[in-house]
Amino acid sequence: VPNAQPALEGRTSFPEDTVVTYKCEESFMKIPGKKDSVICLKGSQWSDIEEFCNRSCEVPTRLNFASLKQPYITQNYFPVGTTVEYVCRPGYRRELSLSTKLTCLQNLTWSTAVEFCKKKSCPNPGEIRNGQIDVSNGILFGATISFSCNTGYKLFGPTSSLCLISGSSVQWSDPLPECREIYCPAPPQIDNGIIQGKRDHYGYRQSITYACNKGYTMIGEHSIYCTVNDDEGEWSGPPPECRGKSLTSKVPPTVQKPTTVNVPTTEVSPTSQKTTTKTTTPNAQATRSTPVSRTTKHFHETTPNKGSGTTSGTTSLLSGHKCFTLTGLLGTLVTMGLLT
């Protein structure tokens, strides 16, 4: 049999009624409707068989955008010159200017398939208030669009939608989401102060201003604003503090009290005056004369004990200066720390 080989399966003898089947050689296909086997008849004769193998193209190429029409789906014999026809798959539309047919060529290959079916387009997705739609992948069949919200808003609903087949057309798999404004919690209150311009809600970038009550000083920022972190509202920082003014305490000046000073002193003797070293004692009291009607007062020196090198502090300081005004005296005593 031309272009075919019998499948003997190792047999060398063929008794009467033995059936032998043939198989087409490579690049040949069995012609539909023709027998591919013979039988051993009486008298050791084989039954007649016609040529049943012929050159044929392989099963037509599978196309992503189209499928074979019904008569060609189960066919496996495609001799040279055979033409097959396609139909657009769901989700695609026909390009009327292009042919939907392919032909088996002499080299047993199919003619090149042009894209005679184009993807259908989903409807315009529209807009999201306070949000964005990413359509960088297009809106044709099989495309995915994604949704996002502007800063300060939170997305409620699907984050994406796919263009899918819906009946004889295509539609989006999910509706548009909603972008809702994010609010910060109620602003923190402060002691001894107020919040100026309070409102019911505080959205993204909205601020509040603090003010201190009279007599208090603000420590920190006067204003804070609403910001967003992981789709949750939070304040930009802590509130300020209102602190009372501190009263300055009166601290007496530090006075260095000398232990030994050199002052001029006059002895009771009417004819001599000399300088001696006197040691001051802060707790000693000065002896003064009876005050007169004016503010000038006279003080008299107390003669020290013989053999002693010290006198009372007041006496030693006033020695040689017989007259002091009351104001000057008081100032001296304050400086010495004897009066406060």
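Each Cβ is built from the backbone N, Cα and C atoms, and glycine gets one as well.
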(message) Need the cross-check against Swiss-Prot: the disulphide partner of C149, picked from C117, C122, C179.
(response) C179
(request) Determine, on the basis of Swiss-Prot, the cysteine among C57, C88, C163 paired with C117 in a disulphide. (result) C88
(request) Looking at the disulfide bonds in Swiss-Prot, identify which of C53, C57 pairs up with C104. (result) C57
(message) Please identify, among the disulfide-bonded residues C88, C104, C179, C242, the one with the smallest Cα-Cα distance to C24 (disulfide bond).
(response) C104
(request) Fill in the CA-CA distance, C226 (disulfide bond) to C149 (disulfide bond), as an integer in Å. (result) 17
(message) Just to be sure I understand the packing, how many Cβ atoms besides its own are within 10 Å of the Cβ of C88 (disulfide bond)?
(response) 19
(message) So among C88, C104, C117, C122, C149, all listed as disulfide-bonded residues, which is physically nearest to C53 (disulfide bond)? Use the C-alpha atoms.
(response) C104
(message) Please identify, among the disulfide-bonded residues C57, C149, C212, C242, the one with the smallest Cα-Cα distance to C122 (disulfide bond).
(response) C149
(message) Looking at the domain 'Sushi 1' (1-55) alone, can you tell me the average pLDDT?
(response) 86
(request) Work through the disulfide-bonded residues one by one (C88, C149, C184) and name whichever has its CA nearest to the CA of C163 (disulfide bond). (result) C88
